[in-house]
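Asks: Supplied in structure tokens, the structure appears directly below.
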């Protein structure tokens, strides 16, 4: 009897403290766009308005929703897809044991109950990509949805997609996803990588990591599984994922040929693309820019080729002494992508893996090829984003952004960090967040998170939380620097709460309320400390904000408005302060 993954096997948490799930009604019946509303307490009887923020947590934080992982989450978008009349349901390919990396299916594998569902594809001659609709002047329901999330006009969304500056990753077989957009003129997004390996993790653990990552703010998920049960793990994740899901198909294709790179073929890879597209993967990382002639250039590098996908294709090219089959079959890949609206994430297989290799000939040669491939994909109206480095010192980061925008005609940039130094294993979420904040400011549309386990091991769910929060900080800092019109509202609300000693509001407005309260309560755990006009850093006598309050009150009581009057008042106050023994609080 096949096993199942249940909600009891994983930890699911409700909404964050002081928050509640709310929905904004869209322009069409039944369209409800999720937001998180953070409540605030009053200031001396004067109400502070609730703050609404972008929410990626899906239905899991809705108290009215009953979690049943074996059924998957709701599919409100399904009707939008069908009503356009350009898709058809079909039998799909047969799921085989080798899809899960085994010769015989195991009775112990928790197969998703609805794996026999019929996938959708475009009807003969149709193109179902959001870019195709946008270029034909159509504002889809998906575009209207993301316009509400971003606080912009739907026509602006359509135009950005039509011109290739943004992508709306939305496979027609992933109707569970709550739509989002990736582009430099929108909020900077964060991706979280999850996935098993040959030596670690289970299906339940990966589903839990997905719900955990989205709770803390991951905008997309990449399933980078390389162990057994790849197909089944991905099915459980997609059916329960409220955010777009990306993959690197070459990983599964390699499993199908027993991990021997030189045995890879276009036919095996093509079959894998269709398999994953039928499941509902929203974007594929495809390392089509690793060309045979570029591989020798990497021989001079300190760390060679560090991309897993890049090294697989380099090994294949060298063994056969042939051009990369992902490059030679790129037009055929585009034909597959546009049948399902899978977006390209053109992989940087030659990204630098060390500071010494940053911005070298190999890296930028591949980027030139990615620019060429972008034009081909756009010819098919297939959505494209470009993957970027890697390990880059701060003074070389801006050049990466400028070259990408120029060479790839403004396609969204999606970067891994970049890490700004190589000397901090165990802290690479910090070394990379520095670079991520900078490159986000310069124009990167999505940041791929790095966890503290980078270069050391497979991250657990606590590492996922740390990585997501760290990168949400970087993304938000970039939004502030770019002048995003709503970015500062949460900062202003938290600053006001801090100055007014509304401790619970400070916690609740933060990116990680639980961590903030935990640190505060380590030294001041009493409930009364939540209303105290000091914290344990300065204590009651040296709190700068409390002193500022005293100064304001003094100015108000003495009707001091001009600089001259304030200086006079300060002299009087200084005299009084000395006469009372130099004590701040009596």
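Residue numbering: from 1, along the chain as shown.
Cβ atoms are placed via backbone N, Cα and C, with glycine included.
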Asks: Based on Swiss-Prot, name the residue from 163, 331, 372, 387 that is recorded for the same substrate site as 193, 222, 251, 287, 307, 308, 309, 348, 349, 350, 351, 414.
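Replies: Looking through 163, 331, 372, 387, the residue Swiss-Prot assigns to the substrate site is 387.
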Asks: Which residue range, 1-58, 59-116, is the one Swiss-Prot calls region 'Disordered'?
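Replies: Of 1-58, 59-116, Swiss-Prot gives region 'Disordered' for 1-58.
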Asks: What does the structure give for the C-alpha distance between residue 351 (substrate binding site) and residue 391 (Zn(2+) binding site)? Integer Å is fine.
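Replies: Approximately 8 Å lies between the Cα of residue 351 (substrate binding site) and that of residue 391 (Zn(2+) binding site).
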Asks: Taking helix as H, G and I and strand as E and B in DSSP, count the residues of the compositional bias 'Basic and acidic residues' (22-39) in helix, strand and coil.
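Replies: Its residues fall into 0 helix, 11 strand, 7 coil.
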Asks: For each of 309, 349, count the other CB atoms within 10 A of its CB; which of these binding-site residues has the top count?
Replies: 349
Asks: Rounded to the nearest Å, what's the C-alpha distance separating residue 251 (substrate binding site) and residue 455 (Zn(2+) binding site)? Just drop the number here, would you?
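Replies: One finds 18 Å between the Cα atoms of these residues.
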